[in-house]
Amino acid sequence: MGETKYIFVTGGVASSLGKGIISSSIGKLLQARGYKVTIQKFDPYINIDPGTLNPYEHGECYVTVDGHEADLDLGHYERFLGIQTTKANNITTGRIYKSVIDKERRGDYLGKTIQVIPHITDEIKRNVKLLGNKYKFDFVITEIGGTVGDIESLPYLESIRQLKWELGQNALCVHLTYVPFLSAAQELKTKPTQHSVKELQSLGVQPDILVLRTEHDLNTNLRKKVALFCNVAENAVVQSIDASTIYEVPLLMQEQGLDETILQKMGLPVGERPPLGPWKDFLNRRANATETVTIAMVGKYVELQDAYKSILESLSQAATYNDRKVKIEYVSSEHLTPDNVDEQLGHVNGVVICPGFGSRGIEGKFVAAKYTREHNIPTFGICLGMQCMAIEFARNVLGYADANSIEMDEKTKHNVIDIMEEQKAITNMGGTMRLGAYECVLKKDSKVYEAYKEEHIQERHRHRYEFNNDYRKQFEEAGMKCVGINPESDLVEIVEIPTLKWYIGTQFHPEYSSTVLHPHPLFVSFIKAAIDK
């Protein structure tokens, strides 16, 4: 196509309006037209990455194939577009400042006074252009975290102003705002949108397209009013009404010609509207599913759904491909005990023992693992969930009553989960775990091999602790098989009990690899087993 086109997505009025979903939807529509598209997220916080953030603070920490701990929006980008993102797709203010300060310490600025403008803004601009320059994408969509008016966002908005001036028709700004409905007056109010756009204009950025989040349809007069007072064309005012699923949003945007408006404004041919056949097939299959499969998620962050966002989406996708709707029941591992486990888990079709860190709520995960093993309920343990399945097995089948992970009990005599050798000398917490995609070889006579239908796989990891190979023989002899092994480190990646319907734990995070059009085979297999329970 020639020069890379840059689309900036900003937000106003309120946070959590769905900039990530709009960015993903734009990306999906452009991708469907044959363009090579990627999406990046700029987060205005000063952490280097979200790896050390509490899930209650920031939701799930997503992991890219190259081992970067990233914002959960990258999960949306990958699920919608079926692409793989990298460290370059998620930048924080902390990383920007660290890069500039490191350059200053090296003497790269030749003794100049380092300032927000031009040094910080130049570093932001360099990172915006990096993906286009290095990988020759046709479109780079850049989502700016936060809300217009936040102090933290100012350097990013100044960078957008400069880039729009420098790139001309090759840069475009989509601004997402909220149109509230006042029930007392039975009226939609556009004033917050007008003020948000005015705030953006005061910073030198004129939005080219407005996407209005709303719970009610916006009539033509209201759209004309917004267009007039915000200096945008009428066809550039698009509504984003509440949908039953986020996966409907690309179709809703396509119906209003959002992708066509973008192409026109960037001087590109519009051509035929792509049919999005497989995407529509997925949505039709989802809508036509009448039966429900009930899955319990046992974890310590269950009050906040975003803490397990990728798992929820993976279960939802897998259920669709099994022609089912999925009902999720959240079970707090902190409050799960032998006395109430039957009430909590006895009626469900399957159980996911969620990942996590630390000892809080760990005993409840052991209770869940024991109950589902003894009652032959399909069970999927992920990362710490897999470790809990192994510890429970050691305690109640092998007879090691004090079996534990070194993470939870440094004095345990039976450390069936041990710290990885290369982690022993590490003291810093941020970005130091075993992160990213690693190879795994599957045993052919296993349920996981049946699911994957291939022997060599690659999956993403985020952990410091591993299954202790000193116990492997005892586990195997007692019935828990180690069926997935890393060929380089001999690390146990997957355990399963083949005599049970579906009792599998993975040290890796399969949820990071599941997409709308290619659901993860383990989740599909798990849901199928849960249906057959």
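Each residue, glycine too, has its Cβ placed from N, Cα and C.
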Ser15, Lys189, Thr190, Lys191, Pro192, Thr193, Gln194 bind UTP per Swiss-Prot; candidate in Lys134, Lys136, Lys225 listed for that same site: Lys225
Listed co-binder of ATP (same site as Ser16, Leu17, Gly18, Lys19, Gly20, Ile21, source Swiss-Prot) among Asp66, Asp71, Asp73: Asp73
Closest of Asp73, Ile151, Gln194, Lys225 to Arg464 (L-glutamine binding site), Cα positions, binding-site residues only: Asp73
Among Ile151, Met386 [binding-site residues], residue with fewest other Cβ within 10 Å: Ile151
Pairwise CA distance, Glu407 (L-glutamine binding site) versus Ile151 (CTP binding site), rounded so that it is a whole Å: 39
Model confidence over the region 'Amidoligase domain' (1-268) (mean pLDDT, whole number): 93
Nearest of the binding-site residues (Asp73, Gly356, Gly385) to Pro192 (UTP binding site), judged by Cα-Cα distance: Asp73
Candidate binding-site residues Ser15, Asp73, Gly356, Met386, Gln387, pick with smallest Cα gap to Ile151 (CTP binding site): Ser15
Nearest of the binding-site residues (Asp73, Gly356, Leu384) to Thr193 (UTP binding site), judged by Cα-Cα distance: Asp73
Proximal but sequence-remote residues of the same chain as Thr190 (UTP binding site) (Cβ under 8 Å, at least 6 apart): Val179, Leu222, Lys225, Val226, Phe229
